[in-house]
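Taken straight from TrEMBL:
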TRANSMEM  B:20-39  transmembrane segment
TRANSMEM  B:51-71  transmembrane segment
TRANSMEM  B:77-99  transmembrane segment
TRANSMEM  B:136-158  transmembrane segment
TRANSMEM  B:170-187  transmembrane segment
TRANSMEM  B:193-211  transmembrane segment
Amino acid sequence: MNIETAGFGALVIVAIMALVTLATRWGGVYVMAFVPIGYRVKQFIGAMSGSVLVALLAPMALEGDTAARLALLTTAVTMLVLKKPLPAIAAGVLAAAAFRQFGL
Amino acid sequence: MHGINEELHRFDRYTVWAGFRTLVPISMFVVIFGAAFGLAATQAGLDDSIILAMSGLVFAGAAQFAALELWGSHVPLATLVVTVFAINARHLLMGATLYQWLQHLPRAKRYGVMLVASDANWALSMQAFGNRQPGMGLLLGGGIALWAAWVAGTWIGILFGGAIQDPRMLGLDMVMGCFLLAMVVGGEKNLRVLMIWTVAAGASLLAYRYLPENSHVVAGAVAGGIAGTVCPEKTREH
């Protein structure tokens with residue numbers, strides 16, 4: 001099912017996002033009142049939260065133009081070296097900008 | 001519970017205010033991230049009021065950026081729900097780890113403080129509880145500081161976003177991708193995590209090519225989750 005983003009639809013989308021997020025903020029506490037969350041479930045949740053980001057990024061890196069790939073590469077390397085997200089994001093964006101301004 | 005721990009869950013306006021002040025420096029960075037989101041959301045074509053409503057009501061950076069990725073004239077509902085749930089699933093673990101202190105609070109307070117639970121204030125409150133200090137003030141007060149910074153930053157981003165003529169030439173279309181990537185790379189890195197990422201990326205790309213549009217997010221998230229269950233951490237719980 002698709003929701004139109006024009007007019008009222010966008011607000012519905014935000015409301016759905018808010019409810020889903022609220023369910024995650026309350027769900028852990030709620031479930032713990034009945035059964036402790038087990039080791040396997042914790043492993044699944046932990047692995048899934050990182051994987052969803054990777055799943056979003058993979059096609060972006062594969063289908064993106066050279067500037068996009070350069071930006072992602074720069075962010076990854078800067079993040080590995082400095083371990084600080086802000087400079088890493090800034091470096092990636094700058095790399096894309098530089099490539100497009102003076103680009104090939 | 002041990003007698004001494006029983007008081008740790010208590011909080012009043014003084015500890016909440018102290019928690020708020022503790023998180024103010026980190027919140028300055030959150031303002032910048034919020035601005036990046038506001039900017040990216042403007043480019044994605046969202047109305048200003050919708051962007052502000054999203055930051056105010058959802059208050060979850062990575063999930064909001066991911067939603068922009070799905071944004072078009074229509075948004076696929078099931079994909080959106082699974083994506084937001086999967087990214088925010090770590091909140092489930094936050095609630096679970098805080099439960100031993102939250103359980104002493106009356107229901108309204110217990111769920112009330114969780115409204116503003118996010119990475120930074122959760123980590124600090126867990127640290128405080130671990131050191132046998134009261135942590136609820138950090139969770140609630142710190143959370144309020146982070147929330148206010150996120151909304152204020154978003155608003156700043158919207159103001160800038162409207163003023164920029166050609167965001168693509170400035171590389172600003174990459175803010176979202178670079179943000180998500182920095183979150184991935186900034187996390188734990190070992191052979192197990194690398195294996196999980198590889199499975200997730202592989203499943204995502206296969207689904208991207210062969211399955212219906214937007215199913216790659218779900219495919220990658222589930223495949224990575226299963227990979228993590230099949231190959232559990234060997235050493236310690238967290």
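Each residue's number is its place along the chain shown, starting with 1.
Just so it is clear, glycine is given a Cβ too, placed from its N, Cα and C backbone atoms.
Bear in mind that TrEMBL entries carry predicted annotations, made automatically and left uncurated.
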Excluding the flanking five residues on each side, which residues at least 6 beyond the ends of the transmembrane segment (B:77-99) place their CB within less than 8 Å of a CB in that stretch?
58, 60, 62-63, 66-67, 70, 114, 117, 119, 122, 125-126, 129, 139, 214-215, 217-218, 221, 225, 238
Please work out which recorded stretch in B:20-39, B:51-71, B:136-158 has the most C-beta pairs separated by under 8 angstroms from the transmembrane segment (B:170-187)?
B:51-71
In terms of Cβ proximity under 8 Å, which residues at least six beyond the ends of the transmembrane segment (B:20-39) contact it?
51, 55, 61, 64-65, 120-121, 124, 138, 141-146, 148-161, 164, 167, 172, 175, 179
